[in-house]
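Copied from TrEMBL, the annotated features are:
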- D153: active site, 4-aspartylphosphate intermediate (ACT_SITE)
- D153, T155, D559, D563: Mg(2+) binding site (BINDING)
- D153, K154, T155, E276, F318, K342, R371, T451, G452, D453, R533, K539, N562, D563: ATP binding site (BINDING)
- 192-211: compositional bias 'Polar residues' (COMPBIAS)
- 586-824: domain 'P-type ATPase C-terminal' (DOMAIN)
- 192-221: region 'Disordered' (REGION)
- 20-39: transmembrane segment (TRANSMEM)
- 68-88: transmembrane segment (TRANSMEM)
- 94-113: transmembrane segment (TRANSMEM)
- 620-642: transmembrane segment (TRANSMEM)
- 648-668: transmembrane segment (TRANSMEM)
- 698-718: transmembrane segment (TRANSMEM)
- 724-745: transmembrane segment (TRANSMEM)
- 752-771: transmembrane segment (TRANSMEM)
- 791-815: transmembrane segment (TRANSMEM)
Amino acid sequence: FSQEDSDPAVHESLSIENTLWASTVVASGTVIGVVIYTGKETRSVMNTSNPKNKVGLLDLELNQLTKALFLALVALSVVMVTLQGFVGPWYRNLFRFLLLFSYIIPISLRVNLDMGKAAYGWMIMKDDNIPGTVVRTSTIPEELGRLVYLLTDKTGTLTQNEMIFKRLHLGTVSYGTDTMDEIQSHIINSYSQAHSQNSGNSTSSTPSRKPQPSAPKVRKSVSSRIHEAVKAIALCHNVTPVYESRAGVSGETEYAEVDQDFSDENRTYQASSPDEVTLVQWTESVGLTLVSRDLTSMQLKTPGGHILTYYILQIFPFTSESKRMGIIVRDESSGEITFYMKGADVAMSTIVQYNDWLEEECGNMAREGLRTLVVAKKSLSEEQYQDFESRYNQAKLSIHDRNLKVAAVVESLEREMELLCLTGVEDQLQADVRPTLEMLRNAGIKIWMLTGDKLETATCIAKSSHLVSRTQDIHIFRPVTTRGEAHLELNAFRRKHDCALVISGDSLEVCLKYYEHEFVELACQCPAVVCCRCSPTQKAHIVKLLQHHTGKRTCAIGDGGNDVSMIQAADCGIGIEGKEGKQASLAADFSITQFKHIGRLLMVHGRNSYKRSAALGQFVMHRGLIISTMQAVFSSVFYFASVPLYQGFLMVGYATIYTMFPVFSLVLDQDVKPEMALLYPELYKDLTKGRSLSFKTFLIWVLISIYQGGILMYGALLLFESEFVHVVAISFTALILTELLMVALTIRTWHWLMVVAEFLSLGCYVASLAFLNEYFGIGRVSFGAFLDVAFITTVTFLWKVSAITVVSCLPLYILKYLKRKFSPPSYSKLTS
């Protein structure tokens with residue numbers, strides 16, 4: 001960008017500093033602009049994948065059963081027509097049979113299930129033990145009961161994303177939380193001495209501008225080294241102190257600068273990362289406070305209350321490639337120019353002067369779970385700085401490879417820097433992370449931690465959160481870049497048994513490129529896997545790999561925008577509302593407020609949703625099958641006539657008003673009390689085998705339906721030879737009673753609403769007998785089969801109906817009792 005018309009032509013480079021971000025207001029001047037990075041080019045969009053429609057495993061299983069039922073329907077109709085002997089227009093009869101038996105297809109299944117899912121969602125959101133939980137999808141609550149793999153983020157999910165300053169290491173001496181007061185006294189002393197010296201030689205009006213680089217290297221005292229280190233931490237950052245203006249000042253904004261409330265209570269810090277804020281808060285706690293900052297200067301307040309001003313000459317922001325940030329400042333009082341730099345140990349170890357302690361101490365801190373930053377400085381003379389500035393500006397003006405050239409110029413400064421200190425900051429674990437992970441592991445869920453952090457920190461958090469139990473070995477996968485190395489490393493890993501795996505993102509890429517199948521197979525046997533230095537797309541890729549190779553259900557949990565693609569790829573995504581905004585919780589299927597809530601969500605709600613839906617689905621199928629069996633028996637007795645047994649209204653009433661409430665009340669059923677489910681997470685393992693709904697259980701229900709349908713119809717025909725016209729009334733009454741009793745048989749734990757539903761349905765039926773009497777004859781009204789209320793109230797009617805119902809239900813009750821006695825399910829052993 002150049003301005004030719006002004007007298008000396010101005011040349012400036014355009015960079016990130018010149019960008020007006022979304023919803024900025026330009027207060028003065030004009031803007032000539034280009035719109036960049038919008039829509040599909042924004043980073044957040046490029047990192048996300050298109051969400052897929054998620055379908056639960058239970059729905060897929062029910063679809064399979066429905067297909068089987070359809071085949072049964074066609075087969076039954078064909079059999080009927082064949083037994084007729086293909087007489088006359090047989091294809092017309094075939095379609096009549098298809099319509100008569102169409103109740104085999106459970107059309108109300110979808111409606112019942114969807115209402116059930118809505119009910120589970122409502123129960124989850126109303127659960128007081130997990131407040132703030134939001135269910136954002138109504139299709140997959142049952143998935144929560146079938147999970148085998150849990151993929152979790154680290155920062156903000158297992159940890160709170162709240163940093164606490166833990167350690168300052170100066171090479172020869174290390175300060176922990178209990179010795180911070182020593183630092184404070186050193187700082188107070190050094191600044192009070194410096195101030196007394198300054199006031200002494202206030203006669204010399206011009207500050208000396210000559211740094212003494214030639215002075216012999218003397219080992220500095222601990223006090224001066226602490227002074228330098230704290231000053232560096234207080235200056236090298238991108239934090240801005242913000243003051244809440246008091247009510248009195250709000251009217252006079254122009255004077256706000258002067259009257260600003262500089263008191264400590266009123267100040268908050270704002271920065272791009274919580275680590276930065278922690279460091280500045282720490283310098284404030286030891287006495288050196290950042291009080292104001294603008295684009296060109298910042299001011300520090302000493303323990304004695306004096307304000308030191310520093311002019312910001314250049315700032316080199318932190319990037320994920322460079323892993324470091326730098327700043328060049330000029331001290332207003334002495335005119336000294338200093339280049340401060342802080343960054344990750346990997347990046348800084350080559351920049352600082354040779355020393356023998358940095359690498360070792362970084363390792364020690366990482367093993368304690370601290371995030372480390374190395375701080376260094378370099379004094380520049382005026383000439384050195386001017387030379388640097390001209391080269392830097394020149395580089396910024398280049399059109400090609402600008403980034404590379406600028407980096408090269410900055411690199412020329414980043415040599416032989418003086419190492420000041422190493423800082424350690426702790427990211428605390430969330431509440432109850434350990435017991436929750438322990439519970440999930442006992443439930444047979446394999447936990448994978450995918451994080452962007454470095455290997456040591458990730459390993460440490462994995463240990464401290466008990467993701468990897470204390471007794472377990474950890475196999476740290478060496479960094480590999482070629483096929484051969486990957487092969488060797490995989491073989492080394494194969495020899496180890498039952499050990500946790502720690503692998504970096506780059507090595508993972510190499511392994512998946514050459515040995516995808518072998519690697520996934522080995523990793524799936526591990527009790528825990530930690531992937532560090534993972535990109536968002538890699539996280540999603542790992543989820544898809546697990547789904548593809550194991551066919552098991554996966555669940556992803558995270559809190560930031562970088563976890564969105566992983567959450568969307570998983571079968572069940574859970575978002576945590578954390579420090580990093582709501583991106584993850586909005587993209588997820590379930591949103592929770594704390595990691596510990598996931599235990600109850602899976603063990604209690606996941607279990608109940610799956611068990612209930614399985615019972616509900618099979619019961620609805622049973623309801624259709626039983627009436628179709630009766631129709632088949634009826635047609636067979638009457639020489640395979642395609643005549644409907646029950647008139648339309650009865651059929652509609654049967655599927656809705658007479659049986660809807662009790663059948664739907666199965667969504668309130670629970671086999672285990674929530675406390676039990678949480679106390680014995682091992683119960684969850686049974687669910688992942690999917691035994692509540694399988695072809696085996698389905699066939700049992702089919703047999704029950706055929707048995708009951710046959711008994712009801714034959715019973716009605718046998719017992720009522722004389723009053724044959726009343727067959728419909730009798731068989732239908734017995735059918736409704738049987739259905740209500742079957743619901744009672746299926747229920748494991750009674751709820752008062754279930755009892756209400758049972759009696760309500762019975763009441764509806766008895767009432768409708770009186771009103772709908774013409775429906776209870778055979779065929780049409782012309783048969784003269786108006787139902788006399790007198791007949792319904794006779795003793796014979798009542799005893800005969802009761803007898804049929806008992807024959808159809810009693811054997812099943814006896815069988816259920818024997819089964820519970822001789823092979824009880826695992827949960828009943830605990831509850832007894």
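Cβ atoms are placed via backbone N, Cα and C, with glycine included.
Structural mapping of features recorded in TrEMBL.
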residue	record	Cβ neighbours (10 Å)
D153	active site, 4-aspartylphosphate intermediate	28
T155	Mg(2+) binding site	24
F318	ATP binding site	18
R371	ATP binding site	21
G452	ATP binding site	20
R533	ATP binding site	18
D559	Mg(2+) binding site	31
N562	ATP binding site	25
D563	Mg(2+) binding site	30
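Among the binding-site residues R371, G452, N562, the ones whose Cα is located within 10 Å of the Cα of T155 (Mg(2+) binding site) are G452. Each residue in the domain 'P-type ATPase C-terminal' (586-824) has a pLDDT score, and their mean in this model is 84. The Mg(2+) site is set by D153, T155, D559, D563; from the centre of their CB atoms, other residues of the chain with a CB within 8 Å are T152, K154, G156, T157, T451, G558, G560, N562, I576, G578, E580, A584. If you compare every pair of Cα atoms in D153, K154, T155, E276, F318, K342, R371, T451, G452, D453, R533, K539, N562, D563, the residues listed for ATP, the longest distance is 29 angstrom. Contact between the transmembrane segment (698-718) and the transmembrane segment (791-815) holds: at least three of their C-beta pairs are under 8 Å, each pair 6 or more apart in sequence. Contact between the transmembrane segment (648-668) and the transmembrane segment (68-88) does not hold: fewer than three of their C-beta pairs are under 8 Å, each pair 6 or more apart in sequence. Cα spacing between F318 (ATP binding site) and D153 (active site, 4-aspartylphosphate intermediate): 23 Å, rounded to the nearest whole number. With respect to their backbone Cα atoms, N562 (ATP binding site) and the residue listed as 'active site, 4-aspartylphosphate intermediate' stand 9 Å from each other. Taking the C-alpha atom of D563 (Mg(2+) binding site) as reference, the shortest distance to any of the recorded positions D153, R371, G452, R533 belongs to D153. Here D559 (Mg(2+) binding site) is positioned 17 angstrom away from R533 (ATP binding site), judged by their C-alpha atoms. Among the recorded positions D153, R371, G452, the residue whose Cα lies closest in space to that of D559 (Mg(2+) binding site) is D153.
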